[in-house]
Amino acid sequence: MDATSKPAGKCPVMHGGNTASGKSVTEWWPNALNLDILHQHDTKTNPLGTSFNYREALKTLDVEALKADLRALMTDSQEWWPADWGSYVGMMARVTWHAAGSYRVTDGRGGANTGNQRFAPLNSWPDNVNTDKGRRLLWPIKKKYGNKISWADLIALAGTIAYDVAGLKTFGFAFGREDIWAPEKDTYWGDEKEWLAPSDGRYGDVSKPETLENPLAAVQMGLIYVNPEGVNGKSDPLATAAQMRETFARMGMDDEETVALTAGGHTIGKSHGNGSAANLSPDPEAAGPEYQGLGWINTKGRGIGRDTVVSGIEGAWTSEPTKWDNGFFDMLFKHEWTLTHSPAGASQWAPITIAEEDKPVDVEDASIRTIPMMTDADMALKVDPIYREISLKFKDDQDHFSDVFARAWFKLTHRDMGPKSRYVGPDVPAEDLIWQDPIPAGSTSYDVAAVKAKIAASGLSVADLVSTAWDSARTFRGSDKRGGANGARIRLAPQKDWEGNEPARLSRVLSVLEPIARETGASIADVIVLAGNYGVEQAAKAAGFDIAVPFAAGRGDASAEQTDADSFAPLEPLADGFRNWVKKDYVVSPEELLLDRAQLLGLTAPELTVLIGGLRVIGANYGGAAHGVFTDKPGALTTDFFTTLTDMAYSWVPTGNNLYEIRDRKTGAARYSATRVDLVIGSNSILRAYAEVYAQDDNREKFARDFIAAWTKVMNADRFDLI
């Protein structure tokens, strides 16, 4: 019998293959709380090991040699994927743009900070066709420099060098992005089940861009921002302009930056649609092993050079697509445009008439001239009144355009890196930028013991001290490294007025802590954290444990002038399960909102559990609510939350929306009240396993120490100077 006709063998393992397609736990119980987002990026998946320190490795990187190699790459055309016009500048700019452009300010997720473009789903998005080829072109450089340069940094740098080679004076560059080693599980890209599903499903009303579902910042599944062919693929530049304004705002960009990035992104390179997308192989994740992680290979033709298919739109935007100039605006405003279609059938705009010398040359044969094109997004810059005014200003002042673009590009590629203190390398700009959330250096020379003594004599309760410190620190987002206690922005607009910060209580507490800061030379940021630490120490002492909470001085105080109030609006907590509070009813359950906050804070599931139990018995609930305070000794850091939760002497009865009573099984008498967040600690099998550990008689001190460790982790989450 021929080998190819042998019957399939039975699985050699009785229970079946471990990679079989049987239902997962989450498929069997889709409504169960999925803690996977707290378990992702485990150090076991990192091949570099726990001892590897990327920032130390960066110190040995020959930056100038790396940049020289990247510059050489830009014109080193490869036969397997030849460069357009002999230059990869357009391609590399696109690889970088499509990595950084996935960032959204709403939750800080996406962006270029992790090298996530290497993994699903981004590596296989329809909008990312052939970015896989760009990364393969970069591989020899990554191979050469090894651990000294992360994929995330290399991808971000490649586009920056591309613009430099094209002739732009770039604004600068910072290293410091660390790679992840598996797809991110915490990022919500939408609930559609098909690529490029109509936009309607993610809008309340697709004609009103502001109704785009939060936290999304792209109009369709698999796109970076807008559909280049128009809303739902139907050309309408004005409607596209409205979607651009909203999606770019959700990336943290204003109108001027939007125009600059759109035009600058299309000043170099071209779009590819000279063929049929039906001839392309599957995307990288779906392709067979023989493709070795490459996707979209043309199976019925050359599929390279002038015959490449990417977006389906075909053509260049400018007369000289490898050169940084004002050619985009010249082309856009010099001609009248008509709607047409590419060879791949995509909608695009073509000039009604154009002089031969204005046409770009063919990517392979300079003796052939081709027709330039504009997308619906490009036409939006001409027809939208606000975009048009900005575009004309750029058209008439190339130096201004170049400066705005260079700054916007820097912002695009660095927005998710956090504060400037995380930047590494010789090309870090000296200028402080408002979107970097600058914070002055704080003092470390004051008398910490004297500050604690004043806090102890202040008359503030343990609950006041702990709640204020928690509220100050909980804004931290590990996604884009924003927020946190450093800077003490909780005392500034908009944070001082956020409902979740209990403005009246906050004002009262700050009126006591701020004079202490002035009198001692400490920053108010340090005093807020130190006060919270003191409160935790007192709670531990009340439980019988004399444990010092670690404290590192040096936080600074940001000013109102250093704070872009509007940009902090997305950091406002709409719920905080740690303080047992939700602003209003949401489609998402309170326990899922808790999970999201824990993930942004960088917490593990055990840390989430220990913090919930500790904050409840300390009495740190929003508004002093009694829900979940399962103790007769509030203010003491006891294990009572867990012992009560696991005690079968009690039953649990729903009493209203998100509310429950804990009743004595024998008498039926109500003992405590609780919320869904409280009860999920005992109902979820994983969280209950942790709760049982802390309910054990021999783990009372362990609980106190674990709580203090998790508390300190949150207080120091934004102390990048301590890393």
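Cβ from N, Cα, C; glycine included.
Given the structure is predicted, the values throughout are model-derived calculations rather than measurements.
Noted in Swiss-Prot for the protein shown:
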SITE      R94  site 'Transition state stabilizer'
ACT_SITE  H98  active site, proton acceptor
BINDING   H266  heme b binding site
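Shown here: features listed in Swiss-Prot, placed on the structure.
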residue : record                             : contacts (Cβ under 8 Å, 6+ apart)
R94     : site 'Transition state stabilizer' : T131, G134, G159, G265, G269
H98     : active site, proton acceptor       : Q117, D127, N128, T131, I224
H266    : heme b binding site                : W317, T318, F328, T375, D378
Practice task
Please state whether DSSP places H98 (active site, proton acceptor) in a helix, a strand or coil.
Solution key: helix
Practice task
Tell me whether H266 (heme b binding site) sits in a helix, a strand or coil according to DSSP.
Solution key: coil
